[in-house]
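S.K.: Got a structure for you, questions after.
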Amino acid sequence: RTIDGKAWTKVNPNCGSTSFVVPDLICGREYFFRVRAENRFGVGPPAETIQRTTARDPIHPPDPPIKLRIGLVTKNTVSLTWKPPKNDGGAPVTHYNVECLRWDRTGEVKESWKQCNRRDVEETKFTVEDLVEGGEYEFRVKAVNIAGPSRPSATVGPLVVKDQTCPPSIELKEFMEVEEGTDVNIVAKIKGVPFPTLTWLKASPKKPGDKSPVLYDQHVNKIVGEDTCTLLIQQSRRSDTGLYTITAVNNLGTASKEMRLNVLGRPGPPVGPIKFESILADKMTISWLPPLDDGGSKITNYVIEKKEANRKTWVPVTNEPKECIFTVPKLMEGHEYVFRIRAQNKYGVGEPLDSEPETARNLFTVPGPCDKPTVSSITRDSMTVNWEEPEHDGGSPITGYWLERKETTGKRWTRVNRDPIKPMTLGVSYKVTGLIEGSEYQFRVSAINAAGVGPPSMPSDPAIARDPIAPPGPPIPKVTDWTKSSVDLEWTPPVKDGGSRVTGYIVEYKEEGKEEWERVEIRGTKFVVAGLKEGCFYKFRVRAVNAAGIGEPGEVTDIIEMKDRIVAPDINLDASVRDRIVVHAGGVIRIIAYISGKPAPTVTWSRDDRALPEEAKIEETAISSSLVIKNCKRSHQGLYTLLAKNDAGERKKTIVVDVLDVPGPVGMPLLTENLTNDSCKLSWFTPEDDGGSPITNYIIEKRESDHRAWTPVTYTVTRQNATVQGLIQGKAYFFRIAAENIIGMGPFTETTKEILIRDPITVPDRPEDLEVKAVTKNSVTLTWNPPKYNGGSDITMYVLESRLIGKDKFHKVTKEKMLDRKFTVEGL
């Protein structure tokens, strides 16, 4: 029953043992319990608990605090910070105790650990004061809950107490971009002892070299923290854009950092005035210049509106123009209009630029006639007509031309083009197709401007549609190879075939100093000229032939001397090979190289400037050399070099070969530390060979010393240490670790000795049952029992002390090491 209730509630229907777990209690409520025994004759009287019991989880002292760090150090103070313990023991941590230990100059402990805080430390930071200048100290922290203090944290130090000084330094991002109206926090991280004086400067937009201090008000403010300085700009504006500089100064030096702030917003108005490029009765073309301020973002388009000058309402025209020119259509002749233009970017539409009033009216007439056109490039079904623009354009630019044709035997003119032909800078030409071979044609042209179509020109001279034929142009020959008595020629066909298909070629050659050319007629584009004199010099040329005759010659520019050709070696790697090859272990390394040169080069392979591995095989052909290593290993990687040599020189090619494999075993020794009753920390070294790929994970397995099966530790480990949780106190374990990369898992490395899981060793409890067994006039015989808890380690000795009644201090009875639990004290 609860302490505030009177009725007893039956917990269990039956229980055969003398213990029972009572379920379904409410956390924090207090209870009384009673038990009755029952036999075949009935239920006996109850036995009731005397004290009330509160339902709550067991409470233990917390774990030690973690990540104890040293902050600012002066000549007699040290600032410490730490993190709360991972486990609070089931009750909140109420405060912390900070302790220090002083060492003397010889490295001996001068004092024992003593508590530094006079009051409870409730925060996770504390400044230790009244330290001895130049003294060497260690520090540690204990967490305290209602169950008591924790074990101490890891210590920091030893540290010599003296004033710390360092010049200022600043960490600040170089660029920040925000939207107009956004609050801006420019945060600079500051270091320096003593803490430096901080100043913010802003460069002038017109003179970037001129910097002035930032003025602080409700819009801009400076906030200085423990190790930061923040420039706060509320409701940022475009005018806040600029280069900001923070300067930190202390007695050891000066540091500065710059940051550019770009505040993005709507663009400014376009630059005027608005110009009227052309004015017609039903449309006007207007132009303008982009805004000086694009708002920090690219102008995406312009918004154009119009209104009649005697009205107040603006009418949208378009928001499509991306260029600074537009033709406004659908105007009413004789009406006066005003236009306004606004630039737009992704942040919105800017302020407008208004034009002066302008009336829609025609200011020009149709253009005059063009001069008589001419005809060129005549074929059997096409002609190119050429003409110049008219002398008079009617006051409006020429926008196009209509071209007409007729046969000389007919009277009707037919328009050639469906759409007006656009004007060109230097005259106009147009190719007329679809003509009838053998027919005679004339052409005339009319110019077009905004007012309409002008009168036609005089007809061109008659021209008959037929193909012109001429001899072909020159081929382009070159010498591809030669010996002491022959030359290999090759050429490309002429660019112009003269209007007729090329039917063959004439190869001509002559010895230098002679006038007469030797001629050979062939049909292909390759020929070997043989029977030449060794040591003589020759010229070569090639002509093309078509139905119109023999064309102009194409000459080989060089004069060729008849001697055997010597060509330095050249090496070209196969397309499957690059300067670097990556192969998985067990695969095939195959490097194919194509070798050229005259005479045929000798080929040598090496690896890392030494001989090739025994497994390497070299396969040779007339034009290639291949290196093959099957079932490759990590030891086969390296820098492979191919050297080709002949009388003309040598050529070298290097290829980097990487062989990827699983990592090797992790480095020994495997160290264990930080043992608790359910965990231990393992540490190891990275493998000497990572398999050519970075280590991505370490796989840890455990087994109890009396078992054979290994059990994986499931979490991912990327560092060279890990804490294995969930172990059983008193059990002995073996551990093994393997490294893993992208290729796979390497071999395991196993601990050589079993590891016993137990709490860290502490001092033992006091011995039990100390008794006096015999007394004489100057001796006493004593006996005792060992302590109930030996502190996690075997008892190594006992210390027996005595004092005379009335004296304050105990003294050791003997200096000898005492192992027995019985001793006679003599000389009393």
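In case you wondered, yes, glycine gets a Cβ from its N, Cα and C as well.
As annotated in TrEMBL:
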- 1-57: domain 'Fibronectin type-III' (DOMAIN)
- 64-168: domain 'Fibronectin type-III' (DOMAIN)
- 167-262: domain 'Ig-like' (DOMAIN)
- 270-363: domain 'Fibronectin type-III' (DOMAIN)
- 369-468: domain 'Fibronectin type-III' (DOMAIN)
- 471-565: domain 'Fibronectin type-III' (DOMAIN)
- 569-656: domain 'Ig-like' (DOMAIN)
- 662-760: domain 'Fibronectin type-III' (DOMAIN)
- 766-828: domain 'Fibronectin type-III' (DOMAIN)
S.K.: For a three-state summary based on DSSP, what are the helix, strand and coil counts in the domain 'Fibronectin type-III' (471-565)?
M.R.: 0 helix, 46 strand, 49 coil
S.K.: What counts of helix, strand and coil residues does DSSP assign across the domain 'Fibronectin type-III' (1-57)?
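M.R.: Across the domain 'Fibronectin type-III' (1-57), the residues distribute as 0 helix, 13 strand, 44 coil.
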S.K.: When secondary structure is assigned with DSSP, how many helix, strand and coil residues does the domain 'Fibronectin type-III' (270-363) contain?
M.R.: 0 helix, 50 strand, 44 coil
S.K.: How does the model score the domain 'Fibronectin type-III' (766-828) in terms of mean pLDDT?
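M.R.: Averaged over the domain 'Fibronectin type-III' (766-828), per-residue pLDDT gives 89.
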S.K.: Which numbers of helix, strand and coil residues does DSSP report for the domain 'Fibronectin type-III' (766-828)?
M.R.: 0 helix, 26 strand, 37 coil
